[in-house]
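Annotated in Swiss-Prot:
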type	residues	note
ACT_SITE	D41	active site, proton acceptor
ACT_SITE	K150	active site
ACT_SITE	C183	active site, nucleophile
Amino acid sequence: MTTPTTVAGVDLPDLQPARELPARPEPLRMKPGETALVVVDMQNAYASLGGYLDLAGFDVSSTGPVIANINKACAAARAAGIPVIFFQNGWDPAYVEAGGPGSPNWHKSNALKTMRKRPELEGQLLAKGGWDYQLVDELTPQPGDIVVPKIRYSGFFNSSFDSVLRSRGIRNLVFTGIATNVCVESTLRDGFHLEYFGVVLADATHQAGPEFAQQAALFNIETFFGWVSSVDDFCTTFSPVGQPS
């Protein structure tokens, strides 16, 4: 998967030199034109009090700094001409897309389990069109940003994501969002198997569960599937030449 060098037989100049992003376990060379910033599931469900994760018993009290860091990364990406892609996770209001008892998703989704335990929440959690499904107010997509709906943990499953990337010559995916140990890691892993280079900006992600879940996910990514960097390093690397981030 490479960026097109010709269109209708006409050579296209490569105007964007590769940048070296500081990362673990080693720096990674990336071209802005082959890179996308991916914002995973920054919805009220995952980042707001009263959202699904909060109602299911997960701590979302420290998501504020993550939202601020994602905003910073988005601004840097847009300034560098890097596309920003938002995922929204959820299902139709009747939950047909969630699957029934024959689907493992029906048994493992904490949103579905919470609604079965608390019938008064039926139809509220992760239902398209509802408050829970909406992106948080602080992370409103801007003109030119892309929003991709998804119905499972991995953003590659039954979505337009891979097509969106391939049609733009994207091969580097820089991940932010919630939850590091669930949808972020699932999508990055699937990208690895599809030959995408995946990087997580650790301080722009948040786990579902205790802190060790965050550290375990970052360990898995750094050791087996990709790279780990930071928002400041991303912003500095892709700042306009000659300008500070």
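Cβ from N, Cα, C; glycine included.
Here the features listed in Swiss-Prot are painted onto the structure.
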{"residue": "D41", "record": "active site, proton acceptor", "DSSP (3 states)": "coil"}
{"residue": "K150", "record": "active site", "DSSP (3 states)": "strand"}
{"residue": "C183", "record": "active site, nucleophile", "DSSP (3 states)": "helix"}
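Within 10 Å of the Cβ of the residue listed as 'active site, proton acceptor' there are 26 other Cβ atoms, across all protein chains. Taking the C-alpha positions, the distance from the residue listed as 'active site, nucleophile' to the residue listed as 'active site, proton acceptor' comes to 8 Å.
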